[in-house]
Amino acid sequence: MWDALGGLGAGGAAEPYAVSAANALVYGLFAVVCAAAGAINNRIGLKYGLALGAVGYPLYGAGLYTNNVGTNTWFLLFGSALCGISAGFFWAAEAAIIIGYPSPKDRAFYLAIWQTAKAAGPIVGGAINLGLNANRKTTGSVSSSTYIVFIVIMCLGLPIALCLSPAPKVWRHDGTRIVVRQAATWGAEFKAVGKLFLSRRILLLLPAFFISYFYNGFLSTWLTTYFTVRSRAFSSFFTNFAGIFSSFLIAALLDNQKVHIKTRARIAFLSIVTILVGTWIWATVLQKQFYDAPEAPAFDWFKGGFGKSYALVFFWQFGGQAFQQFLYWLVGQYATDLSSTSHHVGILRGVEALGQTVAWAMQSEGNANHFVSIGLNFGITILCILPTWIILSELEHSHEVVVTKEVEDVEVAKDLRD
């Protein structure tokens, strides 16, 4: 539902600036909390980290609702702050679960399932939004009833999270078990995160982590500025299929055991970067046309220049979701167990959130030059290629410690003898 609200363009508001500032606050707190949450979730359990993380989302939705009906900015920022704190735990927990629970050879497929589940919320929310706003032919804010439906669905997150099976009870279909190695103390847990963050591999991947979801802030402003309410509603429904499609395409490649893992990774990365660089060149051309026009366009669905402008939104999502999935798969190959996975994804999502903090902050000014956002997205995407390529060139196999049921039984028998 969070992504569904983002798909409305500026959270469904008429003006993107207050909502962009709220999202910058959310992601700023995400960035701080996520890295720590990787360690904290290891101590309290991923199930409870997931449940704790679900608390803040309805408050964020409520903040958007009050801002929509009464321009109540303070509660929007308050709900955003609480969401930023709690959802840092959610982000770290969900990524650790979806990377750590499947076996390495199936990981990309389950990442695609996760991306589909993530998209299912916005698809449902987008369908609701489309039904409620189909007659809105002008720019502006969406109807307030849109938010009520979203908030109700968001409230289901907490009880559903508590239904998660704990890692020690999970049996993979290939017979391997999930290894959990909890640190002896809280201090040791945080020290392990700090050591990992300063490792050569993570430092080289930081530009890719930072830029992977950076496009989202500008995408929201682009929709709000140049599209009518009902065309934004259409986007909030249909654009999510782009992420589903690219997720399964990239999964088919990354899980193909007949191709060497290094080759798979390189082909996937080059394909993604080519698409993303193409979108920013495309955005530059269109933005120049919009700035040169006598007045800013307001694209209604399937009229005028809607097709070429909306296609850019579609391919942002197509390439962006594939890039995220690729990075989760990549760090999963270097994680040794579920605890290590939690540390890796806490850092990944924390830096990713830092990128979004900058991206949304740039959209919080009413007179912001869109070429600045386009240039930064393009530049950092190019900048991340070389350091990421170095890490891909060193990829030989999964580093996960393999434990089967048979090995586990032998270890238990040995412990009993001792």
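Just so you know, glycine gets a Cβ as well, placed from its N, Cα and C.
Predicted automatically and left uncurated, TrEMBL annotations should be read as such.
Looking at the stretches 48-67, 328-347, the one that TrEMBL records under the feature transmembrane segment is 48-67. Touching of the transmembrane segment (73-101) and the transmembrane segment (233-254) is ruled out by the presence of fewer than three CB pairs under 8 A, sequence neighbours closer than 6 excluded. The list of residues near the transmembrane segment (371-392) in space but at least 6 beyond its ends in sequence, with Cβ under 8 angstroms from a Cβ of it, reads 201, 204-208, 210-211, 214-215, 217-218, 221, 262, 265-266, 269, 273, 276-277, 280-281, 283-284, 287, 330, 359, 362-363.
Listed by sequence, the residues of this chain that lie at least six past the ends of the transmembrane segment (266-285) yet keep a Cβ under 8 A from its Cβ atoms are 215, 222, 250, 253-254, 312, 315-316, 318-320, 322-323, 326, 371, 374, 377-378, 381-382, 385, 388-389, 392. Counting Cβ pairs under 8 Å that are 6 or more residues apart, the transmembrane segment (144-164) and the transmembrane segment (233-254) reach fewer than 3 and are not in contact.
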